[in-house]
Structure formats: structure tokens, C-alpha cells
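**Student:** Sharing the record's features from TrEMBL:
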type	residues	note
COILED	75-153	coiled coil
COMPBIAS	216-238	compositional bias 'Basic and acidic residues'
REGION	216-373	region 'Disordered'
COMPBIAS	239-302	compositional bias 'Basic residues'
COMPBIAS	318-345	compositional bias 'Basic and acidic residues'
COMPBIAS	358-373	compositional bias 'Basic and acidic residues'
Amino acid sequence: MGDTTRQRIKFSDDRVCKSHLLNCCPHDVLSGTRMDLGECLKVHDLALRADYEIASKEQDFFFELDAMDHLQSFIADCDRRTEVAKKRLAETQEEISAEVAAKAERVHELNEEIGKLLAKVEQLGAEGNVEESQKVMDEVEKARAKKREAEEVYRNSMPASSFQQQKLRVCEVCSAYLGLHDNDRRLADHFGGKLHLGFIEIREKLEELKRVVAEKQEKRNQERLKRREEREREEREKLRRSRSHSKNPKRSRSREHRRHRSRSMSRERKRRTRSKSREKRHRHRSRSSSRSRSRSHQRSGHSSRDRSRERSRRRSSKERFRDQDLASRDRDRNSRDRSPRDRDRKDKKRSYESANGRSEDRRSSEEREAGEI
């Protein structure tokens, strides 16, 4: 997988190896050994492991379950190979009695003990712990002495021809073959080798994961049980309350009655306030309407008076014109009916009156002028 893909994914992605995040992937542990598994099919990235280690301090992702399943599958496959190897050895090697087999098994056990001790001595020597390595070497010498005794017992129990044959056994840890007559160097190389120690690491990590997963599952089950108990307690409390209500109907009725009365009183108060507000609005509207009606009535009264006056004025002017017309018609009629003599008399009278008037006007003007002088 390319670098760009690794940058895009997170440690929680399904494509990331959860065993690698927990530092127990068999592909990493057995790399470079006789049982090298090659590259893992899932993503291995140290940066993702660092991100997981930081995030796991605040949140439990429960990746231990995935890693446990992975290691269980791998160890189960290894155990199947061990059983197949044992069957193959049983078929190829001569059959021996149970007593001789037990003596041979004792020799193998001592060989395994010597090999482990020698591997420990080499490790302590590399660390510079000389005193501890010397103590372990003393234990190695004691194991060698026991081995010599066990080999002598095993040799005496078998014929010389059969004893010379190489007796093999399968290592229960890494399924490798071990010889009954292997020397100390061979045993030290095997038990201190990367293959054997890698399988020991994987098996120990598997046991640790089983313990951790069991503890977490137990914790989750307890939390689930606690939540269930809380729900059941709440349900029982509700049921108890409902039963108490059913047993005391008077109390419940009185409570309902009080609630109903309070609701009715609140409704009555709201109704009263609404009616008061309606009355206020009605009064205000009636006052405003009465004022508007009085104003309109006054305006209509004034306008009716004006109209009546106008009508009477028009009527009087019409009557006056009619009277004048009638009077002029009468005068014309009278003038037609009179004789020419009367007309001459009237003309003379008018001329005399006009002459007298002009003389009086002249006299009054002279008197005014004299008075001014």
C-alpha cells in the first residue's frame, strides 16, 4: 500500500492491522526466522501505532479482541502442525514401550531445561550482568549432571542397536524438531533462537489478551446488568405508583378534582378578563360612534338649514320676479287702456316736476357756494 493511502487512513480503519497496533503481529515477531510469514496483508505503520497509543489513553477501542482472534488463529494453526509432525514421527520411528518412552521424555525435558538456561546465560552476558550469568551456569552444570544420569538409564533400558538411532521429538512451543542426543550448543541455539523466543512471546501475549478481554467483557456485562437493573427498578416504581393510585381512588379523585377546579378557576378568570376587555372595547366603540353620530347629526342639521334657507331664498326671488312681471304686465295693460289725453297730462306733469327739480338743485348749489365764501 502506497504512502498516500497510508496518509489518508486512520488507525481505526479496518485495513489497519490491530495486532500491529498492539505490537504482537506474528508477521513482525517471526520476521527473519525459518518460519518467516512474509508481509502482512493489512497496513503496518508505526505512526498509526503512535496515534493509537495516544488515543487509547482517553478512549477504549477494544482492539484487544481483534488481536486475540488473530493470535488464536495463528497458534491454532501452529498446534495443528505440531500434531501432524508428532504423527509422522510416530509412523517413521520404531515403536518403543511406554516405560522406555517415559525415560526418553525425561532426557528431552533435561535437554530443554539446559537449552533455556544457556540462552539465559548468553542474554545476561550481553547485558553485562556477570554475577547472575555465573549463577545460571551453576544451574546448567547441575542440569547436565541430571541429563547424564537420565541418558544412562535410557541406554540401559534399550538394545544397543536401537539406542544408536537418532530419536527426535517435536518442540511443543514452536513445532521444531529436537534430537535426543543434541549437544548443548545445538540446544542453546534452539531455545535461545529468535523462532522459539518469538513463539513464546506470541503465546504469552495471547494469554495476556485473553485475560484483558475477559476483564473488559466482565466489566461490560456488569455495566449492562446494572443498566438493566436500573430499568427494572424504574418499571417497578412506575407499577407501584400505578397500583397505589388504583388502591386509593378517593385520593386520586380528590387530586383530579383539585386539578379540575384549579383549571376551571383559571378558565373563569381568563373568561372574566376577556369579558372585561370586550366591555371596555365596546364602551370605547359606543362612545366613539355616539360622538361621530352627534357630529354627523350636527353637520346634517346645519346642511339642512342651509338648504332650507337657500330654497326659501330662491322661492322668494322667484315670487318677486313673478310679482314684478305681473305688475309690469298690469301697467302695460293700463297704459294701453288710457286715453291720449291722460298721457299728455302725465307728460306735462313730469316735465314740470323735472323743471322744478333742476331749479331747486341750482338754488341749493348757489347757497352752498355763498356759504363757502
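Glycine is treated like the rest: Cβ placed from N, Cα and C.
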**Student:** Mind checking how the compositional bias 'Basic and acidic residues' (216-238) divides into helix, strand and coil residues in DSSP?
**Tutor:** 23 helix, 0 strand, 0 coil
**Student:** Kindly state the mean pLDDT of the coiled coil (75-153) in the predicted structure.
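**Tutor:** Mean pLDDT across the coiled coil (75-153) comes out at 83.
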